[in-house]
Amino acid sequence: MSDEDSMLLNFTTNEDTAGSSYKQAAKVTGGRWKDRRRMKMKLEGKTVSRKRKANTTGDEGIIPGRGENSIKKLHKESSYSSEEQEKYKGRNAHNTQGRTLPADSQFVSSLFTSNREITTAVNTNIHDENVAINPSNAPLKGDQFASLGVTSLLVSHLEQKMRIKKPTSIQKQAIPQIIGNAGKNDFFIHAQTGSGKTLSYLLPIISTILNMDTHVDRTSGAFALVIAPTRELASQIYHVCSTLVSCCHYLVPCLLIGGERKKSEKARLRKGCNFIIGTPGRVLDHLQNTKVIKEQLSQSLRYIVLDEGDKLMELGFDETISEIIKIVHDIPINSEKFPKLPHKLVHMLCSATLTDGVNRLRNVALKDYKLISNGTKKDSDIVTVAPDQLLQRITIVPPKLRLVTLAATLNNITKDFIASGQQSKTLRTIVFVSCSDSVEFHYDAFSGSDGHHKNLTGDSVRLLTKGNTMFPCFSDSRDPDVVIYKLHGSLSQQMRTSTLQHFARDNEATKGKHLIMFCTDVASRGLDLPHVGSVIELDPPFAVEDHLHRVGRTARAGEKGESLLFLLPGEEEKYMDYIQPYHPMGWELLKFDKEILMPAFKDVNVNRNDKFIRKDEKSSKNKDVGDKEYEWDTNATTWHLNIERRVVGDSAFKNLAVKGFISHVRAYATHISQEKKFFNVKFLHLGHLAKSFGLRERPKAMGLQSSKDGNSEKKPTKENSKNKMFRMARMAEKQIASEFNY
């Protein structure tokens with residue numbers, strides 16, 4: 001065939017012919033139309049147009065068609081420096097006047113604006129200062145312990161060593177009846193907090209033992225089993241009992257509480273003891289697993305005491321108590337060895353309040369009991385009231401101002417203590433909050449602000465040192481003489497014990513100082529802390545019984561005391577009518593601004609904790625910043641902004657603030673049903689409440705459960721079909737672009 005007969009074919013090929021077949025093969029299906037189109041364009045090598053950023057300050061960031069006003073607005077948004085923004089937001093945050101701050105900046109609200117109106121204008125339960133007050137829980141003047149049947153050895157020991165000369169009203173009623181009972185009846189002891197219920201059952205038990213002619217030592221067995229709801233109360237009863245029996249060294253008490261080594265407790269039980277004092281869980285554990293404790297109880301046990309019965313039931317120990325009583329009743333009692341002791345077990349139940357739980361426990365533990373009470377009778381019921389010598393105060397504070405009002409209250413107490421010149425005495429103040437995370441936040445907020453402090457006992461006790469600026473009354477020329485404590489159930493038992501001992505001890509370390517303890521209700525029951533001048537309830541109690549126990553930490557044994565209750569505007573104001581029957585002597589209703597904040601922040605200057613200087617201070621270079629005095633509301637705002645700036649700059653402190661706020665809201669939702677009409681989480685303004693924890697906005701992780709280390713844990717989400725399709729498409733595109741794809 002010649003060349004002329006041949007046929008020539010011309011083919012036009014693109015440069016990416018090889019790759020196009022693969023790209024066409026990767027067909028995108030499923031999902032939305034926009035997603036399919038975007039993925040198809042990406043596979044074809046086309047670029048996807050992106051939206052321009054609206055906050056770009058250059059000319060290329062301006063959206064066409066908006067005109068000159070858009071350019072001016074963009075330049076105006078970016079013209080504020082960070083210092084001017086914070087100054088502007090602090091002055092008038094609720095009115096932006098049309099100006100828009102950058103998206104990454106935080107909104108700082110004003111303390112004194114947009115607060116809920118306080119409707120209570122008149123105090124309906126006024127405290128009359130002209131009425132003569134007789135302390136309701138004070139020792140009686142005309143009575144002696146000897147006339148009640150207490151042995152002379154104990155009477156002299158009480159007067160010389162413990163400095164107790166007169167019995168209280170409940171002790172006068174209880175001691176003779178328990179001594180002369182001979183095992184016929186059980187007893188229900190009901191009295192006010194701070195009236196001496198512990199001695200009302202310990203003194204007759206020890207007196208009965210000392211009146212026996214039989215020789216007694218630690219090997220004679222346990223005569224009494226005392227059960228308390230908390231470790232702190234059990235430890236206090238143990239120390240009181242140890243002090244009482246120090247006059248007769250052959251009587252030995254034993255403490256059984258959680259957090260201690262069981263091996264050491266078993267060793268003490270093997271050596272022998274005459275009084276077993278402990279918490280329900282640990283006592284039941286030893287009754288079930290320690291053989292020697294049953295041997296101790298079978299020889300001499302005659303008394304079972306349940307102290308703070310309402311708290312035992314509130315903490316859910318009803319089944320534990322029933323098991324303990326059942327085991328003890330199954331132990332045979334040998335009454336021939338000590339014939340002068342009661343021939344059967346005597347049960348005693350002690351409580352400062354009468355609740356449904358106490359009534360259930362009374363039906364389980366007591367039989368043929370006698371009621372011993374010094375409460376007032378009303379409509380055939382016994383009503384427990386606060387001590388007559390207690391000065392109760394109530395203040396209604398908006399949620400945003402809770403923290404700065406608390407600081408002003410503590411400042412006023414400290415300032416009055418310094419002005420009194422009583423350097424030889426020790427002043428104690430207890431601040432009750434709702435949860436342990438809130439304790440941690442307030443403890444660090446008031447003790448770790450500027451580094452001028454030192455730890456005294458681990459990390460739970462801090463002494464404020466010279467140069468500290470937490471309270472406006474502090475001066476650079478002298479030591480603050482303020483010690484901050486924290487106490488809650490999440491601390492280790494050793495730290496809880498050492499903290500309480502340091503707070504209650506009168507020595508050179510606490511002499512002339514103001515001791516402030518932030519705590520939960522773990523310190524509200526039964527603890528006899530000496531010379532507590534004031535009790536502050538920053539968070540209202542979960543039940544009115546807890547309120548009586550809280551205020552009972554002060555005004556004990558006839559001494560004067562003060563208590564301050566914080567309430568929020570709105571529904572919580574009606575709580576005053578609810579607690580009015582428990583305060584027959586009335587209360588003082590304080591205005592938070594004029595009577596608390598103004599005395600604390602007036603005639604002082606609170607400096608900022610950053611390097612920013614006001615414009616009026618820049619004009620005078622030689623003038624000291626601290627020489628100029630500002631209005632009290634400006635000082636209060638500056639103080640609170642210092643806390644907020646610390647939250648922003650310190651991640652660890654911010655974590656404490658977030659955890660404290662979230663735990664506080666969760667705890668607020670646990671009020672009993674009868675009080676939900678006053679304390680309902682739906683009534684809270686969460687944004688305003690977050691500001692009282694130094695937060696400039698409500699945390700977004702409110703519903704997430706937090707792990708123990710504070711990090712929120714999220715479960716991995718399952719991949720849906722659309723995301724899986726995109727992932728497979730990306731893998732196909734990557735495979736096509738690979739150099740190994742032939």
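Using the three backbone atoms N, Cα and C, a Cβ is placed for every residue, glycine included.
As given in Swiss-Prot:
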| type | residues | note |
| --- | --- | --- |
| BINDING | Ala191, Gln192, Thr193, Gly194, Ser195, Gly196, Lys197, Thr198 | ATP binding site |
| COMPBIAS | 710-722 | compositional bias 'Basic and acidic residues' |
| DOMAIN | 178-372 | domain 'Helicase ATP-binding' |
| DOMAIN | 405-605 | domain 'Helicase C-terminal' |
| REGION | 45-100 | region 'Disordered' |
| REGION | 701-726 | region 'Disordered' |
| MOTIF | 143-172 | motif 'Q motif' |
| MOTIF | 307-310 | motif 'DEAD box' |
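Of all Cβ atoms in the protein chains displayed, 26 besides its own lie within 10 Å of the Cβ of Gln192 (ATP binding site). Cβ proximity to the ATP site centre (mean Cβ of Ala191, Gln192, Thr193, Gly194, Ser195, Gly196, Lys197, Thr198, cutoff 8 Å) flags the following additional same-chain residues: Asn137, Thr168, Ile170, Ser200, Ala352, Gly552, Arg556. Packing around Thr198 (ATP binding site) is summarised by its Cβ count: 22 other Cβ atoms lie within 10 angstroms of its Cβ, all protein chains included. Break the motif 'DEAD box' (307-310) down by DSSP state and the numbers are 2 helix, 0 strand, 2 coil. According to its DSSP assignment, Thr198 (ATP binding site) is helical.
Gln192 (ATP binding site) falls outside any helix or strand according to DSSP and counts as coil. Ranking the binding-site residues Gly194, Gly196 by how many Cβ atoms sit within 10 Å of each one's Cβ puts Gly194 at the top.
This prediction places the mean pLDDT of the domain 'Helicase C-terminal' (405-605) at 91. Residue counts for the motif 'Q motif' (143-172) under DSSP, helix first, then strand, then coil, are 16 helix, 0 strand, 14 coil. For Ala191 (ATP binding site), the count of additional Cβ atoms within 10 Å of its Cβ stands at 25 [all protein chains shown].
Note: Ser195 (ATP binding site) has non-local neighbours Ser136, Asn137, Thr168, Ser169, Ile170, Gln171, Asn374, Ala557, i.e. same-chain residues 6+ apart with C-beta under 8 A of its own C-beta.
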